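Novice: Structure below; questions to follow.
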Amino acid sequence: MFKVTVCGAAGGIGQPLSLLLKLNEDITDLALYDLVNAPGVAADLSHINTPSKVTSYLGADQLPGALMGANLVIIPAGVPRKPGMTRDDLFKINAGIIRDLATAAATHCPKAFMLIISNPVNSTVPIVAEVFASKGVYDPKRIFGITTLDVVRASRFVTDIKAGSVNPVTTRVPIVGGHSGPTIVPLLSQIQPHQSFTQEEIEALTKRIQYGGDEVVKAKDGAGSATLSMAQAGARFAKAVITAALHGATGIVEPTFVDLDADATNGAAIRAEIQGLQHFALPVELGKDGVERIHSIGSISDYEKQLLSGAVSELKGSIQKGVDFVRASL
Ligand code: NAD
Ligand code: LMR
């Protein structure tokens, strides 16, 4: 039995994400929660002939039912960007939404894996961590900020400039830091399989990966941000977490924004390299309890070191902003 709850299931990400989760045969119960339209989305998906039973929950009164017994909660609830906005501009609306959803999850499914999509991820993940800590149920191994879209984009963008010689499905670029412009630090020097780039290619690729979200926001021209590619990235990350948890599969590694205390062995050494930040995106090996091992940054180029130092100073403020928001409302 494996129950997944999607909070924000009727939205631009929520609908295609719920579709992709409906196709995941490890899931036995798919609970769709939103303030609007959840019953319609659930009725539609419930006709697909895969094992999961789909149920719908509409409005705050039904949130406890959606969360009760959940093994994994994935959250794309909240508002997306419009042109001219930063992800941090979403904080004033999304911070409260995430705090309230996290409060309900800490009460009704405190052991669930919590997968956070809503922006600004660099602050919403610390918000969830702080809420769980305030309720005495915090396990840093089980709370993840989804940064998979940056990794998905990087594999694709590399293919765009190395046409013919790179497979976008198997190419992997580790991305560390966070999920907003300068905090997204692609480690092209560690690309697998190995590729050589000119410095000009490295700088152009890095910028495109850092600002991939803006490309979509601009093209959608006021109608929101990435939804379809995000749904694919979210379903890929959820599948990785579920596969490691349910089947004891080893060697599953995905970059994700986590609390470095999740790895008692490597976390402290990594924190020392990044001015003591509590949360950071790094490739993480997943296991039956969530985070199994956080990979260290490893050896990086001087250009990447420079990017990393910019990321650390921006992240410091974003993480603290999330923590302060929760502490102020306790
Ligand atoms: P959307 O407006 O299309 O959908 C959001 C959904 O959330 C709506 O259905 C809305 O009714 C619902 N919602 C709002 N408040 C809620 C609450 N309190 N409880 C439950 N549901 C609630 O937006 P979208 O395009 O799906 O984007 C959602 C979020 O995901 C945004 O914050 C966006 O910035 C973020 N995002 C993150 C990434 C990433 O890489 N992590 C990528 C793309 C988008
Ligand atoms: C993205 O990277 O596409 C998302 O974070 C949405 C956004 O606001 O760009």
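The backbone N, Cα and C atoms fix where each Cβ goes, glycine too.
Computed from a predicted structure; not experimentally measured.
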Novice: For the NAD(+) site, TrEMBL lists G8, A9, A10, G11, G12, I13, G14, D34, I117, S118, N119, M230; sort out which one of N49, N94, N266 goes with them.
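Specialist: According to TrEMBL, the candidate sharing the NAD(+) site with G8, A9, A10, G11, G12, I13, G14, D34, I117, S118, N119, M230 is N94.
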Novice: By the count of other Cβ atoms within 10 Å, pick out the sparsest of the recorded positions R81, R87, R153, H179.
Specialist: R81
Novice: Quick one: of the recorded positions R81, R87, N119, R153, H179, which has its CA closest to the CA of G8 (NAD(+) binding site)?
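Specialist: In terms of Cα distance, G8 (NAD(+) binding site) lies closest to N119.
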Novice: Of A10, G12, N94, H179, M230, which recorded positions come within 10 Å of N119 (substrate binding site), going by C-alpha to C-alpha distance?
Specialist: N94, H179
Novice: Between G12 (NAD(+) binding site) and R87 (substrate binding site), how many Å separate their Cα atoms?
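Specialist: On Cα coordinates alone, these residues lie 17 Å apart.
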Novice: Through the lens of DSSP with three states only, how would you label N94 (NAD(+) binding site)?
Specialist: helix
